[in-house]
Amino acid sequence: MILELDLGNTRSKWRLLSPAGATPVGIPGHAGVVETQSLRVGAVPAMWRELPVTRVRAANVAGSEAATGLCAIAEELGWGSVEFARVESQCAGVTCGYRDVSRLGVDRWLAVIAAHQHFQRPCLVADCGSAVTLDLLGAGGQHLGGYIVPGLGLMRRALFRDTDAVKVPDTLEAGMSLDAGCDTTAAVNRGLVLMVLGAIDEAMGRLAVKAPAPLLVLTGGDGALLASLTRHRAELRPDLVLDGLALSNP
Ligand SMILES: Nc1ncnc2c1ncn2[C@@H]1O[C@H](COP(=O)(O)OP(=O)(O)O)[C@@H](O)[C@H]1O
Ligand SMILES: CC(C)(COP(=O)(O)O)[C@@H](O)C(=O)NCCC(=O)O
Ligand SMILES: [K+]
């Protein structure tokens, strides 16, 4: 069975696929999230010891220590070598928009090629994790580049660290009010959401100039929150990065 991993800067998402049939399918109950830091130090998540893994494919944007830690775990558990996805200038009908394709985050690339496969139309792919990345996918599978901004947690921690009086807890929740805050906690938490929604709006507008009727596709740890609050029709695809692995590393 195929173990798929998406090593993000904060958390690593995994799922096990059964290769039965032409299209491998996820096995219920065999998916989860682990702290990326625990992989860096080679800690094996308990459940992984039981997994019947014959192949491992991974997307890593969390640095060489995370890659090394994962490879050590794979060796310890007898899984063989880890196949790391790479950004190519073309894959699965998508042409990369970066001048130097090796500089594009592989998580962004996999999300874009998966969005192209799922929707076959212009999309704004918003991956809302440690960072929020907005990738413009135009007509005909042309990636048009994108934007990188700090994610919600990162912005809140920046205020916490670098101000004296703006140290507030995370009160984000699906469907929350975005009315102007009348206390510091509300002002910050609602303001952070406005930052990301504003960036999405602006990117959607810019994409719409270049490609007809773009679809907003959301993924990442804060994808569900933003899907509940955006004024755009949004497709929420939590596994979009993992979905791209089958296209980049078939
Ligand atoms: N259970 C959770 N634990 C940690 N963060 C979570 C959780 N649920 C949602 N989040 C949010 O998801 C963000 C991380 O998203 P994720 O897509 O996993 O990031 P990355 O891919 O950068 O590691 C956090 O900043 C936080 O706002
Ligand atoms: C922008 C990112 C940090 C996002 O990572 P994440 O928030 O998902 O952990 C990652 O895609 C990355 O390291 N990209 C390389 C720079 C670039 O895409 O231009
Ligand atoms: K991200």
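Cβ atoms are placed via backbone N, Cα and C, with glycine included.
Note: TrEMBL annotation is automatic and uncurated.
A quick note: this is a predicted structure, and the numbers were derived from the prediction, not measured.
The following features are taken from TrEMBL:
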type	residues	note
BINDING	ASP6, LEU7, GLY8, ASN9, THR10, ARG11, SER12, LYS13, SER130	ATP binding site
BINDING	TYR98, GLY105, VAL106, ASP107, ARG108, THR184	substrate binding site
ACT_SITE	ASP107	active site, proton acceptor
BINDING	ASP127	K(+) binding site
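Distribution of TrEMBL features across the structure.
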residue : record                 : DSSP class
ASP6    : ATP binding site       : strand
SER12   : ATP binding site       : strand
TYR98   : substrate binding site : coil
GLY105  : substrate binding site : coil
ASP127  : K(+) binding site      : strand
THR184  : substrate binding site : helix
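Nearest to SER12 (ATP binding site) in space, judged by Cα atoms and limited to the binding-site residues GLY105, VAL106, ASP107, ARG108, ASP127, is ASP107. Of the residues the record lists as binding substrate, namely TYR98, GLY105, VAL106, ASP107, ARG108, THR184, the two whose Cα atoms sit farthest apart are 40 Å from each other. Non-local neighbourhood of SER130 (ATP binding site): GLY8, ASN9, THR10, GLY151, GLY153, LEU154, each in the same chain, at least six residues away, with C-beta under 8 Å from its C-beta.
Counting every protein chain shown, the number of other Cβ atoms lying within 10 Å of the Cβ of ASP107 (substrate binding site) is 28. For the ATP site, the Cβ centre of ASP6, LEU7, GLY8, ASN9, THR10, ARG11, SER12, LYS13, SER130 serves as reference, and the other residues of the chain with Cβ at most 8 Å from it are THR36, VAL61, ALA62, GLY129. Sequence-distant neighbours of GLY105 (substrate binding site) (same chain, 6+ apart, CB under 8 A from its CB) are VAL61, THR133. Residue pairs drawn from ASP6, LEU7, GLY8, ASN9, THR10, ARG11, SER12, LYS13, SER130, the listed ATP binders, are separated by up to 13 Å at the Cα level. On a Cα basis, ASP107 (substrate binding site) lies 7 Å away from ASP6 (ATP binding site).
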